[in-house]
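Okay, structure first, notes after.
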Amino acid sequence: MEDFVRQCFNPMIVELAEKTMKEYGEDLKIETNKFAAICTHLEVCFMYSDFHFINEQGESIIVELGDPNALLKHRFEIIEGRDRTVAWTVVNSICNTTGAEKPKFLPDLYDYKENRFIEIGVTRREVHIYYLEKANKTKSEKTHIHIFSFTGEEMATKADYTLDEESRARIKTRLFTIRQEMASRGLWDSFVSPREVKRQLKKDLKSQEQCASLPTKVSRRTSPALKILEPMWMDSNRTATLRASFLKCPKK
């Protein structure tokens, strides 16, 4: 998984993820799934803010790379990925400037157009379950929540998706590509349910110990753990072509 992450994500994102894990005392050599999850979350946050600006009239506009009129105010302030001390300094500055209510937990973004903090979620589970977990954690109606899944589903506070459909489609396509690349390397199932994989492996090992003294009998059945670890092959026809400006996983 670590090799996949380093090949799949921009070095800047990988470096930020490494710093984040180090800050919390986590070992990326051991917590490889968390390493991948942090990189994915960081990239979604960056993609969420990319190309979105506010013009002189206070309107939200999309400006592509290379546009000569790019000297505009960024619509989103990226908080995720910063050192915690710096991140809280940014949050306090935003609150003092805009009058926004200070969140109890560090959010991921601030939307200058809608004047609200945003919590971004990327889940391998059901979007509504993860949404409720985020809502219970933030405990603030003023923090906007937007959840994306690897299956193309999304859920947002009051069904307000903030971004235009095309911008959200880019994020969904990127997540689907990550899922497909993981599956092609046999990494997806363990990424989705690492606890279940560990539970099944422990169960199988315990069964092997109990049966070690019994006569050996060849079985054609597949171990439950191996079934879980089998790659989930995806239909490549469903993968849309990503824009050249966005990161892609290298082909095998």
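In case you wondered, yes, glycine gets a Cβ from its N, Cα and C as well.
Per Swiss-Prot, the features are as follows:
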SITE      Leu28  site 'Important for efficient shutoff activity'
SITE      Leu65  site 'Important for efficient shutoff activity'
ACT_SITE  Glu80  active site
ACT_SITE  Asp108  active site
SITE      Arg195  site 'Important for efficient shutoff activity and nuclear localization'
SITE      Lys198  site 'Important for efficient shutoff activity and nuclear localization'
SITE      Arg199  site 'Important for efficient shutoff activity and nuclear localization'
SITE      Lys202  site 'Important for efficient shutoff activity'
SITE      Lys203  site 'Important for efficient shutoff activity'
SITE      Lys206  site 'Important for efficient shutoff activity'
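For the pair formed by Leu28 (site 'Important for efficient shutoff activity') and Asp108 (active site), distance between Cα atoms is given as 22 Å, rounded to the nearest Å. Residue pair Asp108 (active site) / Glu80 (active site) shows a Cα separation of 5 Å.
Other Cβ atoms within 10 Å of the Cβ of Leu28 (site 'Important for efficient shutoff activity'), summed over all protein chains shown, number 20. Every protein chain considered, the tally of other Cβ atoms within 10 Å of the Cβ of Asp108 (active site) stands at 25. Its own atom aside, the Cβ of Glu80 (active site) has 22 Cβ atoms within 10 angstroms in the protein chains shown.
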